[in-house]
Amino acid sequence: MTVKIGLLGFGTVASGIPFLLKENTEKIQQAAQEEIEIAKVLVRDDAEKERLEAAGHAYHFVTNVDEILADDEIQIVVELMGRIEPAKTFISRALEAGKHVVTANKDLLAVHGSELRGLATKHGVALYYEAAVAGGIPILRTLSNSFVSDKVTRVLGVLNGTSNFMMTKMVDEGWTYEEALKTAQELGYAESDPTNDVEGIDAAYKAVILSQFAFGMTIDFDNVEHKGISKISPDDVAVAQELGYVIKLVGDIRETASGLSAEVSPTFLPKAHPLASVNGVMNAVFMESIGIGQSMYYGPGAGQKPTAASVTADIIRIVRRLQDQTVGKAFNEFSRPLQLAAPDDVRSEYYFSIVAPDKTGTLLQLAEMFNAEEISFKQILQQASDGKQARLVIVTHSMSKTQLENVTAKLAAAGDFTLQNTFKVLGE
Ligand code: NDP
Ligand code: HSE
């Protein structure tokens with residue numbers, strides 16, 4: 001028997017699936033114990049269908065999703081169109097029709113995942129999405145299978161390939177922001193709206209999904225604070241280097257005494273930290289847990305073949321489970337009520353970049369402001385001055401989010417100070 005699949009979309013990722021099915025047939029057949037056939041492919045319109053056919057793609061292209069959803073022979077629907085709608089409607093309809101679904105759509109899963117997982121459970125079908133987090137790194141299945149005996153306490157991740165690629169090219173090779181973004185788009189790394197990549201939104205979606213697998217808690221996307229690489233200035237990069245750090249966009253999810261905290265922000269990483277050497281399109285998930293201790297999972301976070309490999313692995317897993325008659329099992333079974341961390345419990349060292357009058361008493365004024373919030377300085381330096389204004393850089397000892405909010409408000413109220421940036425600093 002052959003298991004038939006229907007692809008929704010035939011862009012960067014979807015067009016990588018045939019490569020794996022063709023180049024790795026023997027192993028895939030052994031694992032799946034069935035043949036897998038791409039029976040139909042949904043494309044946007046007739047022009048796209050003609051373009052793909054002319055390019056030599058010999059698939060049954062359709063332009064109406066009903067041709068896939070109403071086809072009883074198609075058992076698995078693979079959504080690779082991206083964005084929320086119509087993907088949400090199509091996936092919901094597929095699940096309701098008793099079809100198993102594979103997707104890489106983190107936007108959708110982060111925002112509507114509970115509803116879709118509920119539908120999958122109700123209809124006894126599979127909803128798998130390994131590729132939604134860190135592209136080619138098999139992190140979700142690792143968390144739900146291999147970490148089953150362990151308790152994760154913190155997850156730190158370089159979770160967006162596009163922004164990491166851009167930062168690497170800009171910092172190491174002097175590319176402009178525009179050149180780096182254009183190349184990331186050409187290489188198929190970026191989202192259709194790259195704002196999601198550069199503003200930390202895509203990484204925040206991934207943090208939502210990781211929270212479920214690592215901590216069993218479904219945090220709302222709105223509860224994941226996010227800042228992107230567009231906030232980083234060349235001055236920040238230079239001072240980081242001078243102080244022995246590398247700046248990366250890092251997702252940080254941790255369980256404190258009061259609950260879960262998740263955020264995405266540019267972060268100063270000590271050069272010796274394993275995440276500091278994750279460059280280009282590579283992603284990594286660095287985990288702290290009570291059993292294994294520290295471990296890191298590293299690989300390409302975006303790109304056609306790595307992502308298609310994760311998607312195809314999900315398809316194969318479903319086909320095998322159809323054989324074994326265990327297909328209704330949830331992708332992630334770890335679930336407990338959400339409790340959000342109190343801001344007092346979320347502590348980090350911080351970098352402050354402040355423009356201030358270059359005159360006697362400025363440092364004293366700053367020291368008093370920080371001291372009033374019981375924030376202590378770890379490092380302080382004056383970076384540049386035009387005689388009137390100076391750029392002051394402060395790295396603090398560990399402080400809480402509450403202290404951060406308070407001192408930020410005080411700096412704004414003082415009038416003389418312009419707070420250019422505050423980034424988290426990971427301690428040694
Ligand atoms: P692409 O934009 O390359 O491909 C999406 C395809 O779907 C396009 O051809 C698009 O057509 C088509 N499409 C969109 N809407 C419809 C529709 N209503 N009907 C028919 N076709 C439609 O995206 P990717 O392949 O890069 O990404 C696919 C998914 O995988 C996304 O959810 C993305 O976030 C995720 N992902 C991507 C990774 C990557 O490295 N690229 C890595 C991990 C996850 P058109 O061009 O006309 O809009
Ligand atoms: N645009 C995403 C990235 C794709 O660059 O990481 C992988 O999720």
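Note that Cβ sites are derived from N, Cα and C of the backbone, with glycine treated the same way.
Annotated NADPH binding site per TrEMBL: Lys106, in sequence order. Look at Lys106 (NADPH binding site): DSSP puts it in a helix. Counting every protein chain shown, the Cβ of Lys106 (NADPH binding site) has 27 other Cβ atoms within 10 Å.
Within 10 Å of the C-beta of Glu191 (L-homoserine binding site) we count 21 further C-beta atoms, all protein chains included. Residues or ranges marked as L-homoserine binding site by TrEMBL: Glu191.
Secondary structure from DSSP puts Lys206 (active site, proton donor) in a helix. TrEMBL lists Lys206 with the feature active site, proton donor.
Here TrEMBL flags 351-425 as domain 'ACT'.
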Ask   = For Glu191 (L-homoserine binding site), what is the secondary structure state per DSSP, taken as helix, strand or coil?
value = coil
Key: Proximal but sequence-remote residues of the same chain as Lys206 (active site, proton donor) (Cβ under 8 Å, at least 6 apart)   = Lys106, Ala110, Ala132, Val133, Ala134, Gly157, Leu159, Asn160, Gly251
Key: Counts by DSSP class (helix H/G/I, strand E/B, coil) across the domain 'ACT' (351-425)   = 25 helix, 34 strand, 16 coil
Note = On average, residues of the domain 'ACT' (351-425) score a pLDDT of 95
